[in-house]
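Here TrEMBL flags 7-25, 31-52, 64-81, 87-106, 115-132, 198-218, 230-249, 255-273 as transmembrane segment. What TrEMBL records for 8-130, 139-271 is domain 'EamA'.
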Amino acid sequence: MKIIEKHGWILVFLGAVCWSLNSPLVKYMTASAMTICCLRALIAGVVLLPFLRPSRLKPDRWTAVYLLSFAGVCITVIASLSMTDAAIAVGMQYTALIWLTLTAVLRTRRFRGQPWGPVFLILAGLLLFMSSGSAGSLTGNLTAASEGILFAVMTASGKRAGQENPLGLTCIANLFTGALVLLIHPQTAGEALSMAPSQWGLLLVLGVVQVAMGYGLYNLGLQYVSPQRASILALWEMILGPVWVALFLHEYSSGMIIAGFLLILGGICLNALHPSGKGYILVKPDDMAL
């Protein structure tokens, strides 16, 4: 347990690695995005049921906020992908770092002597990444913009709501999301019945590895690192996703996207080399307890 407490960031990083598998696997899926979102969430929820401990989950405001923000992240990412460029739809999710940073500064009043370098490098990388695509529609861009706020709220509330049973919280969140998407997109049932066995195989990998393991590891690690640091480590999804696509599908990113990734990677490394030796941005975990 002491090793996990000291190196909880590894769990968050491994969660981001699991998330990154979404990029190559989804390209092989033929079902609609909403159907994929619904079914993989339900699969993840069922897989995590053995870890559910109802007595260790409090039905309080933090749990409610987490469930709503978790579902919001899943749905807005899928919705924005159909209304704006994929680079914008994916990249805006990780502007969560900016919202968490602003919240930390406002709460602690620590404006000076803070390592702003990593924040600006990562922000510059995100802007380069998102500017590589088309402008998209205003509605799509606004939907994408909400992803960052929702991801920030999900991360901050997850630290409180999942203190005693992070895997159980992940289970409930996925079942809630699956049920909500099914209500929004009732065509899911018909599409599920017509899916080929190979498609179900891919969907199982997405549900078990990308969602159940991804969010499960993220929520476990979140109990030992600050929300800000978790949001920085989550950026590895953006870096590794195109790497898997290049390795296995032989599809390569543009020069601007690669430049954006390098800036993001530079910001992550600069954060890790912070003189404190702990790699925190602006504040320590206790300062970000909401």
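Residue numbers in this text run from 1 along the chain shown.
For all residues, glycine too, the Cβ spot is worked out from N, Cα and C.
Where the annotation comes from TrEMBL, it is an automatic prediction and has not been curated.
Under the criterion of 3 or more C-beta pairs below 8 Å, with sequence separation of 6 or more, the transmembrane segment (115-132) and the transmembrane segment (31-52) do not qualify as touching, having fewer than 3 such pairs. Helix, strand and coil counts from DSSP across the domain 'EamA' (8-130) read 98 helix, 0 strand, 25 coil. Between the transmembrane segment (230-249) and the stretches 7-25, 31-52, 64-81, 198-218, it is 7-25 that has the most C-beta pairs under 8 angstroms. Taking every recorded stretch in 7-25, 64-81, 198-218 and counting its Cβ pairs under 8 Å to the transmembrane segment (31-52), the highest total belongs to 198-218.
Residues 11-12, 14-16, 18-19, 21-22, 25-26, 28-31, 36, 39-45, 47-48, 51, 70, 158, 166-167, 170, 173-174, 230, 234 of the same chain lie 6+ residues outside the transmembrane segment (198-218) yet bring a C-beta within less than 8 angstroms of a C-beta in it.
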